[in-house]
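Peer 1: Straight from Swiss-Prot, here's the annotation block:
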BINDING   Cys17, Cys42, Cys103  [4Fe-4S] cluster binding site
Amino acid sequence: MSKVEFNKETGPREVFCGLTSIVWLHRRMPDAFFLVVGSRTCAHLIQSAAGVMIFAEPRFGTAILEEKDLAGLADAHEELDRVVNDLIARRPEIKTLFLVGSCPSEVIKLDLATVAEKLNKRFLGQVRFVNYSGSGIETTFTQGEDGALKALIPLMESSNEEKLLLVGTLANNVEDRFKKIFKNLGISNIESFPPRQSTELPKIGKNTKVLLTQPYLSDTVRDLKHRGCEIISAPFPLGIEGSTEWFLAAAKAFKINELKVHEILSPLINRAKLALESHKEILKGKRLFLLPESQLEISLARFLHNECEMDLVEVGTPYLNKDLMKEEINLLPDNTKIVEGQHVEKQLDRVRESNPDLVVCGMGLANPLEAEGISTKWSIEMVFSPIHGIDQAADLAGLFSKPLRRNQILTTKTLVTH
């Protein structure tokens, strides 16, 4: 393991809540509906993040907790029953309905697990109900997916059939390319979790080999282990290096010759390196500070240092699972400073003191930092963009080179004007 400096902070945080993950999960499973039990603020957050108007009838919605619910003057369970009945009558195509807890529903101790259990009995054979928490009280926004997947695991049937299970939401076109490569390697039985249809859950067991596509699925991994699955230890498929090592780890688990992997990946790697050059010219030697928000920070730091030659000032992450991140940490340069958790005021002080060329942070911090003359990149963009895989390396680098390129153009125009 590289000699990395680990630090831990606690204090005020600045993050989105887990409800945000509904935006990509509802697109992934078009036969599912996500019903948030929360406030008007929850409703505005998801609608804004998804970029759709509510009259378009998206596959998510909010059962609004009014002041009388929060004050205990009304039976929230009865009101929720009414909302669910109306929803299913209006949308009979729904196959799985996720009841998603929020900060307000947790504050009033609304028992969504019991609600889901009762609804499953009432709508048996018609709609399946599961519940999880999207509250941001103790979690960050990507952990919403972790909660959703964990809630589905008890519904997965058992099977001892050997298979590769890709765990974590990917863009459909990226997933298709990954599966094609695995089949070329000789791995034919490949499934994904979450699936593209919520009712087509993969069967799992002792011969299921799990390969993670996202680093924020700690609870999901733990429950898959309890079901007997084998977790393949690998970096995450971001950039050329991470993706190559990811495929190599899968090949090793299935006893496939390493030379075959290099033979199949070589054309992809060569094209990706050429495409990466123009971005590398912008990023090389620039100083990078990553504030904690998505749990993608360590993988991004590895990619931006090793493949784009950026200098790492500090790598923040909201939560660090050293077992899952072991292979990523091994690829970081010596003396990398990793800070788990957040005291946002102290971290902002360190940002100002170090004056980096680029800060990766949440949307709430970006504008204030830009006003101070510090270039930023929203970390949430990494989750909404198809960035996984060798052939996406240039697109991933482009997300970071774009703000620096923009600043160069603005600086040049300012100099010309003066």
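Even glycines carry a Cβ here, placed using N, Cα and C.
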Peer 1: Ranking the binding-site residues Cys17, Cys42, Cys103 by other Cβ atoms within 10 Å, which is at the bottom?
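Peer 2: Output over binding-site residues Cys17, Cys42, Cys103: least Cβ neighbours within 10 Å is Cys103.
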Peer 1: Note the Cβ centroid of Cys17, Cys42, Cys103, the recorded [4Fe-4S] cluster site, then list each other residue of that chain whose Cβ lies within 8 Å of it, in sequence.
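Peer 2: Neighbours found: Gly18, Leu19, Val36, Gly38, Ser39, Thr41, Leu45, Ser102, Pro104, Gly134, Ser135, Gly136.
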Peer 1: Can you tell me the three-state DSSP label for Cys103 ([4Fe-4S] cluster binding site)?
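Peer 2: In the DSSP reduction, Cys103 ([4Fe-4S] cluster binding site) maps to helix.
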Peer 1: Where does Cys17 ([4Fe-4S] cluster binding site) sit in DSSP terms: helix, strand, or coil?
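Peer 2: Coil, per DSSP.
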